[in-house]
Amino acid sequence: MSFIEDILPLIELKGITGKSRAFAGSFLQDLSQSMANTTCTSHDSELDSCRDEGTAFTLKMVAIAAILFAGVCGVAIPLVGKKRRFLGTDSNLFVAAKAFAGGVILATGFVHMLPDATSNLTDSCLPEIPWSKFPFSGFIAMMAALGTLLIEFIGTQYYERKQGKESQIVRVDSVDMESGIVPAENEGLNGKVFGEEEGGGMHIVGMHAHAAHHRHSHPQEQGACAGNKRSHSHSHEIDDGNEEGSKRHVVVSQVLELGIVSHSVIIGLSLGVSQSPCTIRPLIGALSFHQFFEGFALGGCISQAQFKTVHATIMACFFAITTPLGIAVGTGISTSYNPNSPRALIIEGIFDSISAGILVYMALVDLIAADFLSKRMSCNTRLQVASYIALFLGAGLMSLLALWA
């Protein structure tokens, strides 16, 4: 009996070791299959159905020209027109157009990027474990959105500290000559709570803090729409009215460009490696529309960030050339790159998931909520109606393009 008791732990340990080895071997085999560069058999018929390399190459050149033109026009309108009254960042037309662009970007994340990522990461060519057992696309998109929030918070804090170091001298707006009391500027360098923008727009991070602050500071003004009413204890300067907002838009514009560029590369490569005119034709119009309004949203953020001309031009050009450059690179590597291999499916799926998370966060938080929850929007019924129509129209039209692209 004691012999059996002594041998049982060894048998169990041997069984556990055997299972561990089998699991490790299965995991390495699945990993090897996931990184394979061979064409999936399920995609063979799709490759041969509409293949014409000559026509495809011509269409790719047309796509490069059309998408480049659309991107340049989209990003340039807010930058060039910011000095024009009807195209300025404080005009109602700009707010409504920005709402339309926000709808386009939101639909891009939800309707185009995320379903494509899910399709790629659950493709039948990939091993069932782990790709079909866990919703990787949604998880990666969620982590990308949370990461975007963290990056935006850290970036904004960095610019806040940088601004504080550059403004060590305390600015005094008014001095009570009789009592000699200097009013303290407890609301920041320009008398605004962090997150408040020109025209009453608020960044989502600062909305609740701003509302709570003003309930205490302005009890007599609750419910008032006139955003320019101030109590005597305030020291707002007109010239610095958008200082806090511009600091936030510095971060917003850069993070938004990161999200747009990351999926633009994938879109460009996918179009570039395709040899099917049936795939490329509908993509030309769809991507031109998509590029124009993404460029408009990005150009608006760059304009509001008040970058120097050189910096703004570099960011605009970088956005405009990304998708055409991806198409050119895809065309160059089309003979060696296999878009239907497990490796390509996983890489594209991960990038699409990251892009979806970033774009959904930026659209909802920085483009839509920041404008739609502002005092300016709540006090202008016509602007509310126009902006909501533009928002749903942009989201609807971009979603409709999923029928072709």
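If you go along the chain as it appears here, the first residue is 1 and each next one adds 1.
Quick reminder: no glycine exception, Cβ is built from N, Cα and C everywhere.
Please treat TrEMBL annotations as automatic predictions, because they have not gone through curation.
If you check TrEMBL, you get these features:
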- 234-246: compositional bias 'Basic and acidic residues' (COMPBIAS)
- 213-246: region 'Disordered' (REGION)
- 61-81: transmembrane segment (TRANSMEM)
- 93-114: transmembrane segment (TRANSMEM)
- 134-155: transmembrane segment (TRANSMEM)
- 312-333: transmembrane segment (TRANSMEM)
- 353-373: transmembrane segment (TRANSMEM)
- 385-404: transmembrane segment (TRANSMEM)
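Stretch with the most C-beta contacts under 8 angstroms to the transmembrane segment (353-373), considering only 61-81, 93-114, 312-333, 385-404: 93-114.
Here the listed stretches are 61-81, 134-155, 312-333, 385-404, and the one with the most C-beta pairs under 8 angstroms to the transmembrane segment (93-114) is 385-404. For the transmembrane segment (385-404), same-chain residues at least 6 beyond its ends with a Cβ under 8 Å from one of its own Cβ atoms are 92, 95-97, 99-104, 106-108, 111-112, 115, 282-283, 285-286, 289-290, 293, 368, 371-372, 377.
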